[in-house]
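Student: Per TrEMBL, the feature transmembrane segment maps to 55-80, 100-122, 134-153, 271-296. The disulfide bond feature in TrEMBL is assigned to 191-224, 192-208.
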């Protein structure tokens, strides 16, 4: 049997027997491993989602989400206490504004926005992030449009405010939350009625007609009364029969200025504060939109390198 003339040489032996061992080793170590190197190259070349943007947006929205849930819970609890949830049709029975609506609407909007932004950032979901950006942008646009229209049509807004207050004056005793809201406004701005105390003649319990059997006839709510600093207990009957007096005789007992005029005066005195609050809210909205769009761009760039 013939022996083969071919001799097996290991790579290590070939390296030492090669006239240039270093070049041989370099060629061996430089041989690429296709799968590993391609993944490494893609990792080095590709972009990453910014953790800073992601978790700032997450924290920004989880606060709104929790606040929205709290407002919504308070609104639903108030409706449950008043029996509205057991009789939905009673929502439209109130002639004036039900303050609970403010909690329901504001809480619902904050809850939806917070949910979309929070989950969208955490799960890197571009659909939720785009919804968050568009919804927040729409709210910002509506606020801006409302502010411009309110400035241009100041007289019309003033007439609508008068009508709104008078409608709520009529419904003063129909809802406890509305009653508390009106009392708070009249106490805070030291006013009575939309234009003056005689606006309470629109309410069936306070009007001065002879057919009114109410003890509050020709009176005003206690929130119209001038407070005596020496009194520790609120006198809820201080406004009884006060509108039987002349305008001059009323002044020591009740506020004679209307709430519309007092509100306008308050706005003028606190214009910088009010403008600062609106600008701050607008900047927060713009900041949220920018963060969401930045995160969407990062996510798309990462997906493009897959």
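Quick reminder: no glycine exception, Cβ is built from N, Cα and C everywhere.
Worth saying up front: this structure is predicted, and the values here are computed from it rather than measured.
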Student: Other than its own, how many Cβ atoms are within 10 Å of the Cβ belonging to residue 208 (disulfide bond)?
Tutor: 14
Student: Taking a Cβ cut-off under 8 Å, which residues six or more beyond the ends of the transmembrane segment (55-80) line up next to it in the same chain?
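Tutor: Those are 100-104, 106-118, 121-122, 132, 177, 287-288, 291-292, 295, in sequence order.
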Student: Please report the distance from the Cα of residue 208 (disulfide bond) to the Cα of residue 224 (disulfide bond), rounded to the nearest angstrom.
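Tutor: Given the Cα positions, residue 208 (disulfide bond) is 17 Å from residue 224 (disulfide bond).
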Student: Sequence gap of 6 or more, C-beta under 8 Å: which same-chain residues meet both conditions with respect to residue 224 (disulfide bond)?
Tutor: 186, 191, 192, 193, 197, 200, 239, 254, 255
Student: Count the Cβ atoms, other than its own, that fall within 10 Å of the Cβ of residue 191 (disulfide bond), considering every protein chain shown.
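Tutor: There are 26 such Cβ atoms around residue 191 (disulfide bond).
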Student: Using a 10 Å radius around its CB, how many other CB atoms surround residue 192 (disulfide bond)?
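Tutor: There are 28 of them.
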